[in-house]
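Taken verbatim from Swiss-Prot:
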BINDING   G112, S113, T318  pyridoxal 5'-phosphate binding site
MOD_RES   K281  N6-(pyridoxal phosphate)lysine
Amino acid sequence: MPDFGANDLDAFWMPFTPNRRFKRHPRMLSSASGMWYRTPESREVLDATSGLWCVNAGHDRPKIREAIQKQAAEMDYAPCFNMGHPLAFQFASRLAQITPKGLDRIFFTNSGSESVDTALKIALAYHRARGKGTKTRLIGRERGYHGVGFGGISVGGIPKNRMYFGSLLTGVDHLPHTHGLPGNTCAKGQPENGAHLADDLERIVALHDASNIAAVIVEPVAGSTGVLIPPKGYLERLRAICDKHDILLIFDEVITGFGRVGAPFAAERFGVTPDLICMAKGLTNAAVPCGAVAASGKIYDAMMDGADAPIELFHGYTYSAHPLACAAGLATLETYREDDLFARAAGLEGYWQDAMHSLADARHVVDVRNLGLVAGIELEPRPGAPTARAMEVFETCFDEGLLIRVTGDIIALSPPLILEKDHIDRMVETIRRVLGQVD
């Protein structure tokens, strides 16, 4: 292994990482191709997490790599304030062809966190443009993850994401989560119980009045909190209540977008169309940072018609629609289409589901959840040391040649959509073996 001295490791303050623990036992990746990472020691590691839920088409896709190289040689950067470049408009048009019907106005960001904060700001500005400026309250959900911007952590519901950063945004409420309901343990696909929890939105409306509520934001499938699948009928109820009270519904599809659940977006999988969709990750196969918000025509038209200044939305980023990101995104969408990866994910769901639920009797496992090509395997916490068991499983799996993701005491799996059945078998065999080794 290369010599990573103390100074080499000290400079980088790593995100979402126990830095002190990492430096005692660093894990390094040096290259990637297809389903595999390679370490500096030339050891192969099977990617069961698509990097961080984002390399949906697999690593080192030639079409994407070559598009980035070509664009970098032609034009490395172009601003999109008061001017544009052709790829930005091409990318937006192509993306609008696969978003749910009616969500065809695209605002580019650089990450999922930025997409969430952008969607929240659009929701507030939309109501103001319609002369309903009192509609400012935002509704999130317990255990929700919406990135790390101040808007996202305010509507998010993971305590560790919130507790260190003060009072956050005011005027935010949270719906109850749907985790751990009786009768839902080891449900395959959508669980039967829990749709009634959406009705808590009516309680919040009664408390604050609909005239003060702007939007509800949820992940259709809550990923970072441990793969929580929405109960049957839950999202439909949220949509109906939002419609009843003129409240916008925002889907955070940063994880679920681009084939993860066997459809372009979870909105289509569940048959529920929101007013705004947040996306990132699989948008460019993670080759270049990029995010986007897809907005409905009614929102865009209201902003254009109700603007009280030449600039209809005072919002944007230096790197919005970055030329390299647009090149990567266009090539990524073409790769999804050429390889029919969304349908491929749907076709593998049955095998994936059976394989994941075969772990229900493995040591320490208390629940298994799945949808599309995503799964959560929940472990019994180690007494007096929550999260310690899952972290040890993560580290041991890596040493055994498998990259997984853990959140709390839950193993989260989200492999590239190019995986084969033998990859699934290997994941299950490794996880079962490691669970048998870890106390």
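We count from 1, first residue shown onward.
Just so you know, glycine gets a Cβ as well, placed from its N, Cα and C.
The shown structure was predicted, so the numbers you read here are calculated from the model rather than taken from an experiment.
Overlay of Swiss-Prot feature records on the structure.
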residue	record	contacts (Cβ under 8 Å, 6+ apart)
G112	pyridoxal 5'-phosphate binding site	G147, D252, V254, C278, M279, A280, K281, G291
S113	pyridoxal 5'-phosphate binding site	H146, G147, V148, G149, G152
T318	pyridoxal 5'-phosphate binding site	P79
Relative to the Cβ position of K281 (N6-(pyridoxal phosphate)lysine), how many further Cβ atoms are located within 10 Å?
29
Whole number in angstrom, please: the longest C-alpha to C-alpha distance across G112, S113, T318 for pyridoxal 5'-phosphate.
16
